[in-house]
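Asks: According to TrEMBL:
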| type | residues | note |
| --- | --- | --- |
| DOMAIN | B:49-357 | domain 'AB hydrolase-1' |
| ACT_SITE | B:Ser153 | active site, nucleophile |
| BINDING | B:Arg223, B:Asp354 | substrate binding site |
| ACT_SITE | B:Asp320 | active site |
| ACT_SITE | B:His353 | active site |
There are 2 protein chains.
Amino acid sequence: MVKQAHKIASQVATLFETSPLILDSGVTLSPVQVAYETYGTLNSDKSNAIMICHALTGDQYVASTHPLTGKSGWWERIIGPNKLIDTNKYFVICSNVLGSCLGTTGPKEINPETGQIYGIDFPVITINDMVKVQVGLTDTLGIQKLFMVIGGSMGGMQALEWLVDYPDRVGSMMLLATAAQHSAQNIAFHEIGRQAVMADPEWRDGKYQEHDTFPRKGLSVARMTAHVTYLSEDGLMDKFGRNLQDRDAPTYGFEADFQIESYLRHQGSSFVDRFDANSYLYITRAMDYFDIAARYEGKLADAFKKASDVPCLVITFTSDWLYPPEENKRIAHALNAAGVPVSYASITSDRGHDSFLLDIPEMDKMMTGFIQSAEARLMKDQRDDG
Amino acid sequence: MVKQAHKIASQVATLFETSPLILDSGVTLSPVQVAYETYGTLNSDKSNAIMICHALTGDQYVASTHPLTGKSGWWERIIGPNKLIDTNKYFVICSNVLGSCLGTTGPKEINPETGQIYGIDFPVITINDMVKVQVGLTDTLGIQKLFMVIGGSMGGMQALEWLVDYPDRVGSMMLLATAAQHSAQNIAFHEIGRQAVMADPEWRDGKYQEHDTFPRKGLSVARMTAHVTYLSEDGLMDKFGRNLQDRDAPTYGFEADFQIESYLRHQGSSFVDRFDANSYLYITRAMDYFDIAARYEGKLADAFKKASDVPCLVITFTSDWLYPPEENKRIAHALNAAGVPVSYASITSDRGHDSFLLDIPEMDKMMTGFIQSAEARLMKDQRDDG
């Protein structure tokens, strides 16, 4: 097959104009803008759509150039013509989540009711609310059933909401490095990040846009903290060790003597150039509230009971201590207990949580096999229907 | 034996008056004040002294009431008349480390050369520098050889410096939950804490005392971050889980909905009432620089070669991810390879790094046995000498 150029479309849909989006908090939003990218072409029977759900600080630019950073898409390795997710075959959709800051309705946008920037008056949202918007987008595109939903990390949480609340609208599902609930430690790290942002006087009680300021230092500390949780101790030791940065001896000062310090400072400062501080607060809060079994009296398997027709692949990485293998295994066990066909792979990696974003051949192999099975199943279903 | 009242003495020694303390950085300090507590009575041949080395935010009040918080000593469970470390028998010394803020020379004290508060002009120190001060104090007390040096966490790092540089001045040694070097992840978390402090405009480039301000918010975020590393994920889940704080349903806001949030905020705010922000910078920096094998071309066993007469007990806790069991085992292996008599115990606990401060019977048993062996050895030596 000849390698083709991507067919990429950047779009914004306006949803919930006639009937409002009712958030889990009870607050309503109307209308809701959703910014999204699509790759490839939707086929005539609309059976080839794959929804990619992005992570906390991810965005819709999964396989296209980020407009602020100029960097290539965050999963461009995976998605494209003749790639693992082949956009010659599939119509890939990735939308910026509700509450984020790349074009979808969120705290940095104008509140249509007041004409003012939402800021901290934006209502607190949940992962479930994000998915309601994705379902709305899918409706708008006329897609009754997605071929597949794929998500890693917070993307996996969205995928789980699809599975629990919209099982008849998903053909199959790929969950990577995710969790069915935020643990106390997960909440703790997010709370530290939020406190760091809010401690910055430039945050101005969330009204920094009005004051033309930005809590750069606070958001940077938040990002540094989160970033450490995305990596593993062994991975950090392999990559940076105790190596000094551009010097032969320690300076006996507070400069970034060590490479790890320099790296973290860079992670912090580059993040604040591309992400909104209030969005960071809202999305971390949504994740903290995430506990998909809570609506089922804490019984995770009960949450999945309607999903027995949706084969799932659960991939976890041995050194992920943010959403550790035990948590991913717990999801796989609950799926299995609910009668959902589930494949589970614990992949050896020393790269921590972020492994799902990296080039890991064993992951590719699992994903490729799973997509092929899903294709075969779809073709069989179509033959049976025909 | 009748339970006696503690014989407690709070003292300040002035050291390095005639010849200055030469720091690892090359900078000199003269004089150096060291604030310390002693418990019990030094015997006539000065053979019953135990030096306790405190951790990062610890202090000399190991078994006496903290003057700022009014709380009992941080290891009062262990140290006292008829306790595990029996002050009827032993003379226990605990001194506030160099760079700290409870009376020993540090950034919040007056620079005798200028008459001004040191602040950020205080020289950067190392763990080795802290121990030079402890050795000076031991000299002043006329103690040629300590019966034992005991330290947990950063206290263990000081103990390791004693072992490496002053093996003839220590009878035996107890190391708990420690590390022979700071890993990249350890440095990362400390750097986050320092950045949080320095990001607070009330830090005023380290000159907050002159401005009568204090970086409360920044130091609080630093403490929250560090505190999470002292606990384990399982321990947090057991203690707090996803329980809400004094409410039945989430508020859909940024209040401390979860108990873990409320707990962390409390940890942060109570810490700033008892600790100096610049001391926090200096001591974390000293720990980051700590790598005891560096002076021996990275060969840890070589560092211990002169210590073959100093029996060591190394205690680690299974859920300690700050200074994990593998690191403590590496110390034990190196001691063994250097011909040092070493006992190693990996104790099952879900309480993380802070386990060494808690009531853990298996730890007590190991410590008691080790002290009894050391006593027997001392008595035998004295008989042989006599």
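Here the Cβ of each residue, glycine as well, is placed from N, Cα and C on the backbone.
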Asks: Any idea what the model's mean pLDDT is for the domain 'AB hydrolase-1' (B:49-357)?
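Replies: Here the predicted model's pLDDT, averaged over the domain 'AB hydrolase-1' (B:49-357), is 97.
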Asks: May I ask which residues of the same chain, at least 6 positions away in sequence, place their Cβ under 8 angstroms from the Cβ of B:His353 (active site)?
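Replies: Those within reach of B:His353 (active site), by Cβ under 8 Å and sequence separation of 6 or more, are B:Ser153, B:Ala177, B:Thr229, B:Tyr230, B:Leu231, B:Ser232, B:Phe317, B:Asp320, B:Trp321, B:Leu322, B:Tyr323.
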Asks: Please list, in sequence order, the residues in the chain of B:Arg223 (substrate binding site) that are at least six apart in sequence and whose C-beta is under 8 Å away from its C-beta.
Replies: B:Thr57, B:Gly193, B:Gln267, B:Gly268, B:Phe271, B:Val272, B:Phe275
Asks: Far apart in sequence but close in space: which same-chain residues, 6 or more away, have a Cβ under 8 Å from B:Asp354 (substrate binding site)?
Replies: B:Tyr230, B:Leu231
